[in-house]
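Colleague: After the structure tokens below, expect a handful of questions from me.
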Ligand SMILES: [Zn+2]
């Protein structure tokens, strides 16, 4: 127990030390950096991704603090009734006026793997249940694939569903009606190469949305 606590403390100490080094390094290179950053944010991107620790958005996109507004949850789900996701999207679109919304999944997603199995993962069973439904809706196509490809294909279908959900939100439609440029993209992070794969499903305007979802 004692060694566990010591180990945890050393991890925390290292993080705090790293932070001090990082801040000092930036301050030295650009003395006005933090003064400017503290004035506010105007990111052009909203990233909706998986909570997986390997999806280090700033690192893998070489972006800086202030560049990307972020929402993450397990398996990058976007339920159309989820107050947290909806609040993030509305704030990003309406107030920050982002130009791109990226829905990003990743290969080997543990959430998708759990959804495609019969193992129980506690309260997550409820959160992942719609991914099971997605599997059932595409079962013939998915069952024809080898096990490792099946998880990633279902992950892609989950991203496609997320892009579809975002493209049907009234707050997004309002932005398009105002003539603003707003793109919704679906990407998959390939963990084996570090590369982002564009699923080529980008939505750029109301023309790409079925009429029934357009509200007056
Ligand atoms: Zn994941």
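Glycine residues also receive a Cβ, built from the backbone N, Cα and C atoms like all the rest.
The Zn(2+) binding site annotation in TrEMBL covers 50, 52, 106, 109.
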Colleague: By a simple count of other Cβ atoms within 10 Å, which of 50, 52, 106, the binding-site residues in the record, is least packed?
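Modeller: Lowest Cβ count within 10 Å among the binding-site residues (50, 52, 106) is 52.
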Colleague: What's the number of neighbouring CB atoms sitting within 10 A of the CB on residue 109 (Zn(2+) binding site)?
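Modeller: Here the count is 26.
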Colleague: For residue 109 (Zn(2+) binding site), which of the three DSSP-derived states applies: helix, strand, or coil?
Modeller: coil
Colleague: Neighbourhood of the Zn(2+) site (50, 52, 106, 109): other residues with Cβ within 8 Å of the Cβ centroid, in order?
Modeller: 49, 51, 54, 55, 75, 76, 105, 107, 108, 110, 111, 112, 155, 189
